[in-house]
Structure formats: C-alpha cells, structure tokens
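Read the structure below first, then the notes.
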Amino acid sequence: MRDDGEAAAAGGGLRLDGVGRRYGLRGPWVLRDVAFEVPPGSLVRVEGPNGSGKSTLLRILAGVDRPTAGQVSGRPAAGTAYVPERFPPALPFAVLRYLTHMGAVRGLPAREAADSALYWLDRFGLAGHARTPLDELSKGTCQKVAVIQALLADPALLVLDEAWTGLDVAARAVLDAAVRERVAAGAIVVFVDHDPRRLAADTTAVHAVDTGVLTMTAPALSAADPAPDDAATVVIEAVGTGRPLPAGAEGLLPVGESGAVRGAVPAGRSDAVLRALLAAAPPWHITAVRTDAPPATAVPGPRPAPRTPRLTAPVGATGPSARARRPGVLVRYQLDLLLRSHRWLPPLIFYGAVMAIGIAGGEPLLGSLGYAAALLLPVAAWTVRVCVTNEPAAARACVASAVGPARAQSAALAAAAVVSGVLGLAGTAVVAAVSGPHADDLHTAVPIGPAALAGAMAAAVSVLLGTAVGALTNPPLVRGAGWPVLTTAVAAGAVLIVSGSPAQAAVTGLVTGSRTGAVHYPVLALLAAAVVALAAARLSAWAVARSWR
Ligand SMILES: Nc1ncnc2c1ncn2[C@@H]1O[C@H](COP(=O)(O)OP(=O)(O)OP(=O)(O)O)[C@@H](O)[C@H]1O
C-alpha cells in the first residue's frame with residue numbers, strides 16, 4: 001500500500017490500482033479492487049446509492065484517506081483540493097482570514113492568498129461577508145466558503161463531494177463555470193452530485209460504485225450531449241493492461257506505455273467501439289469520451305478576468321504544493337486556530353493556579369524551578385490534546401488534501417509545543433524573579449542566570465516529553481471520549497516519576513542542586529527528550545496517514 005502521488009506526478013494521469021478500503025481491522029469492505037485511470041483534463045462523475053462508498057472513494061482520491069489495499073499514484077504535483085460533504089461552520093475565523101490561511105496552506109504567498117480569496121468571494125457574491133465570522137454564516141453561505149477554499153490556488157486535482165448541495169442557483173452556476181475552467185486548463189475534477197444532469201455535457205467519464213465494488217466504468221453520454229450522429233468524430237480513451245484491442249475497437253492507438261489507448265472514431269461507430277471495449281474479458285476501463293480533443297498536459301490555468309477591475313486574479317501558482325510544505329504556514333494556521341478557539345485557556349489557568357499554590361516568594365530558586373518544570377509536563381500533554389482535537393474533521397480534511405494528513409497532524413503537535421514552550425519560558429522567568437537566589441539552607445548563593453538557564457532547559461525537557469505523551473495518548477493512537485484523558489494523565493505522571501526518564505532526571509537535577517546550591521544543566525535529558533518527542537510525533541503522524549483506527 002503506497003500513496004506516491006507526488007512522486008509520480010510527472011507521469012500521465014491519476015491512477016488507482018486494486019484500491020480497497022475497510023474501516024477497522026474486521027470491518028466490511030466499503031470499496032474493493034477499484035482500478036481506473038483519469039487523464040489530465042478529465043471531468044469524472046462518481047455515482048452510486050447511499051452508503052455505496054462514493055465519499056470514501058473521493059477521500060482516497062483527494063489524499064485525505066488512504067486505501068487499506070492497493071495504491072493511488074499520479075496525484076498532480078500542482079496541488080489537490082477537496083470540498084467535503086459537510087463543511088463545519090464551527091471554525092473561529094472570519095471568512096477572509098480563514099480563506100487567506102487556506103490559500104497559504106495551498107501554497108500561495110500571503111498576499112496572493114488574500115487576493116485570490118477576495119477574487120473568489122466576489123465571484124460567488126460574498127464580497128460583503130469577508131469579515132463575517134464563519135459561525136454567523138447561513139448554511140448556504142458557509143458552503144460557498146467551503147467551495148472557495150478549494151478553488152484558491154488553481155488545483156490540478158479538484159475533488160468535490162456534493163459541493164453544489166446548499167448553494168443557490170447563481171452560486172451553482174459559478175461553480176459549474178469554475179469546474180469547466182479547471183478542466184479546460186488541464187486539471188482533473190472528480191465529483192459526486194445528486195443531480196444526474198450536473199455538468200453532464202462536460203463529463204468525460206462516470207464511475208458507478210455499488211456494494212463496495214466499482215461495477216461499471218462508463219462514459220458520460222447524456223441527453224445534453226450532442227447526439228452521436230450529429231458529431232463528426234468522438235474521441236475515446238481507454239485503459240487496459242497491455243492486452244490487444246478487442247475486435248470492433250480498431251482505430252484506437254496506444255498512448256505511452258501505460259496500456260492506455262486513444263483514438264477518434266466516427267460518431268456513428270462510437271457506441272459499437274465502447275461496447276466492444278466493455279464486453280472484452282476482462283473489460284477495458286473507459287477513461288474518457290468526448291467530441292473534442294483533450295488538452296495535452298495538466299498545468300494550472302489562467303483565471304478568467306475578475307468581474308470588478310478592483311480585484312485582480314492572482315497569477316496561477318506553479319507548484320503550490322511545494323511551497324505548502326513550509327511548516328511555518330501550517331503551524332501559524334494551527335496557532336491561530338488555537339488562540340481564537342480559546343481552548344488554550346483551561347491548561348493555562350491550571351498551570352497558573354498550581355504555580356500560584358506551589359511557588360512562594362523567597363523560596364529556594366532551584367527547587368522552585370524544578371517544581372515549575374515538573375508541572376509543565378502534564379500541561380504540555382493537555383495542550384497537545386487540545387490541538388489535535390481542535391480542528392473539525394472536515395476542516396482538517398481540506399488541509400490534508402493540500403499537504404497530506406501527516407503534515408497536518410505534525411503542525412498541530414508543533415503548535416502545541418510552541419504554546420507550551422512559551423508558557424515554560426514565562427513560568428521560568430516568573431520563578432526566577434520571585435524566588436530567593438539561594439540554596440535550601442538559605443545561605444549558599446545560587447547564581448540567577450545559570451539557574452534560570454537550567455530551569456529553562458528542564459522546562460524544555462518537560463515540553464518535549466509532554467508533547468510526546470500527548471501525541472501517544474490522543475487521536476489517532478488513542479481514541480474515544482474518556483480513554484485519552486485517562487491515559488494522558490497516567491502517562492504524564494509516570495514519565496515524571498519513573499527513574500531514568502529524562503524529565504525525572506532534569507527535575508531531580510534541579511531539586512538536588514537546590515540542596516547544595518550547584519547548578520546542573522540537563523543537556524543529556526534535553527537531547528533524549530528531543531529524540532523521544534520526534535519519534536512520538538512521527539508515530540502519531542504516521543498513524544494519521546495510515547488512517548489507523
Ligand atoms: N469513518 C468511518 N468509519 C466507519 N465506517 C464508515 C466511515 N466512513 C464511512 N463509513 C461507512 O462506509 C460506507 C460507505 O460510506 P460513504 O460515506 O463512502 O458512502 P456514500 O456513497 O458517500 O454515501 P452517501 O451517498 O449517503 O453520502 C457506509 O456504510 C459508511 O457507514
């Protein structure tokens with residue numbers, strides 16, 4: 001099982017090979033053995049009854065979820081964007097701020113992200129809502145924001161799960177036009193929509209899923225299309241596995257070495273060619289049927305002129321996903337999310353209250369620094385819990401489609417570590433300011449600067465190990481309402497008292513130093529804590545990427 005979309009981006013289209021998905025180790029297969037290829041410039045409809053696995057397939061295509069079996073390759077390097085079935089209004093941002101964050105996450109420089117957001121807000125008739133908090137928007141307006149976040153950076157793969165639902169007529173038309181523009185620019189757009197007429201004339205392939213299996217791969221021929229007899233030629237693209245073309249499908253020629261064939265056949269013959277391909281054993285996958293030639297390559301395309309001269313459309317970004325890998329952008333988004341959600345308040349109040357109870361003015365400096373560092377460990381673990389559960393799942397999915405689920409998780413962990421680190425520095429400074437610069441005997445002098453440095457290092461050990469504990473005892477590794485809280489508390493306590501733990505060593509170094517007045521720098525403990533924290537963060541990110549549950 002491998003998702004090497006970025007690595008394979010230089011190759012042809014998006015490709016699924018033997019893709020299967022089940023939820024849980026023994027759950028039923030929601031999808032099984034799904035295989036098809038989507039060339040650049042395709043508009044693909046996925047259809048099927050409720051619960052048949054359409055959303056599951058779309059999440060896999062968007063890179064938000066991973067298949068349990070099989071692999072996805074060829075995800076375009078120029079960016080993937082996803083509109084989830086249900087977008088959450090429960091984000092603590094105003095519209096423009098959220099969209100600017102998402103533009104940056106999708107690889108645009110901040111200024112371009114804001115320009116792009118304004119452009120699309122204007123196009124969807126939402127310019128007046130730029131400063132409105134998301135949680136004050138109507139359902140339909142919120143859905144427009146959900147759509148806009150996906151359109152910001154000219155995605156080369158756009159995945160739309162019922163994106164039209166809840167939009168008014170005008171907005172539906174804008175989204176229809178935006179989809180056509182992306183496809184004309186060579187992007188791949190995959191969508192699910194309950195209206196069978198949705199973009200029917202432009203759709204290049206329809207994939208129907210039922211009872212977990214891709215039962216049909218068929219071209220989209222709708223009433224809105226010109227009747228075959230009216231068109232001079234029909235371009236047909238299909239993928240096999242290197243088998244010879246079946247009788248009746250003559251005229252199609254190999255494209256590259258991937259088993260794909262393409263050809264223009266007289267319109268009156270197209271049905272017979274399609275029937276021959278689908279009736280072959282095993283059947284060929286029809287990847288496109290259209291009455292005009294497709295664009296050759298997938299490149300982000302130019303935007304149409306904006307409706308008002310005041311707004312200029314941003315230049316199509318070249319390779320935004322590469323820039324989106326800048327971790328700072330993701331961590332900034334997570335920090336803003338955390339600060340605006342106010343969920344940082346409980347750990348902060350807890351830390352402040354317990355510090356106030358345990359630290360008295362004039363007490364020996366090193367002992368107080370040890371107390372402050374020890375207290376920080378459970379606070380850091382708690383902050384991780386807040387950060388990894390703070391973002392609504394659908395909002396996380398939008399971010400994950402741009403940068404991958406692992407990076408999204410790593411950013412949440414990093415944001416927690418930053419907040420705990422700031423708290424640790426502030427705590428160390430306060431302790432250094434109010435404590436007595438002496439040992440436990442009240443006579444031996446303790447130098448404030450070196451002691452504060454040792455205290456800050458011990459606090460850093462606590463931040464790192466608290467972050468590791470939080471990463472290992474919260475989703476995705478530990479799920480449920482009660483278990484993560486219990487395991488976080490028990491693990492944080494254990495890490496503080498178990499002999500040999502870096503946190504125990506760092507705190508003990510300060511407390512024993514307080515008896516003699518000697519300052520010990522916990523260098524080894526700090527290095528060990530950094531290694532443990534990195535390993536835990538990687539495990540947590542790995543588990544998210546594997547959809548471990
Ligand atoms: N996170 C999950 N955990 C467990 N089961 C899930 C999960 N997500 C989806 N399923 C199950 O997988 C099956 C397919 O769900 P999916 O949402 O992909 O179907 P769908 O075709 O999009 O349905 P609808 O048309 O109602 O939106 C359903 O039985 C659903 O209960």
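Using the three backbone atoms N, Cα and C, a Cβ is placed for every residue, glycine included.
Curation does not apply to TrEMBL; its annotations are automatic.
Taken from TrEMBL as is:
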type     : residues : note
DOMAIN   : 14-236   : domain 'ABC transporter'
REGION   : 293-320  : region 'Disordered'
TRANSMEM : 344-362  : transmembrane segment
TRANSMEM : 411-436  : transmembrane segment
TRANSMEM : 448-471  : transmembrane segment
TRANSMEM : 483-503  : transmembrane segment
TRANSMEM : 523-545  : transmembrane segment
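Below 8 angstroms of C-beta separation, residues 338, 368, 371-372, 375-376, 379, 382-383, 386, 419, 423, 427, 430-431, 434-436 of the same chain, each at least six residues beyond the ends of the transmembrane segment (344-362), sit close to that stretch. Taking Cβ pairs closer than 8 Å, the transmembrane segment (448-471) reaches residues 365-366, 369-370, 372-374, 376-385, 388, 413, 416-417, 420-421, 424-425, 427-429, 431-432, 437, 477, 488, 491-492, 495, 501-503, 506-507, 509-510, 513, 519-523, 525-526, 529-530, 532-533, 535-537, 539-540 in its own chain, all 6 or more past its ends. Panel annotation: around the transmembrane segment (411-436), residues 327, 330-331, 333-335, 337-338, 344, 347-348, 351, 355, 359, 361-365, 368-369, 372-373, 375-376, 379-380, 383-384, 386-388, 390-391, 442, 448, 451-452, 455-456, 459-460, 462-464, 466-467, 470-471, 533, 537, 540-541 of the same chain, lying at least six beyond its termini, place a Cβ under 8 Å from a Cβ of the stretch.
Long-range neighbours of the transmembrane segment (523-545) within the same chain, counting only residues 6 or more positions beyond its ends whose Cβ lies under 8 Å from a Cβ of the stretch, are 66, 388, 404-410, 413-414, 417, 457-458, 460-461, 464-465, 467-469, 471-472, 474, 476-477, 502-503, 505-506, 509. Beyond its flanks by at least six residues, the transmembrane segment (483-503) meets 373-374, 377-378, 381-382, 385, 461-462, 465-466, 469-470, 472-475, 522, 524-526, 528-529, 532 of its own chain at Cβ-Cβ distances under 8 Å.
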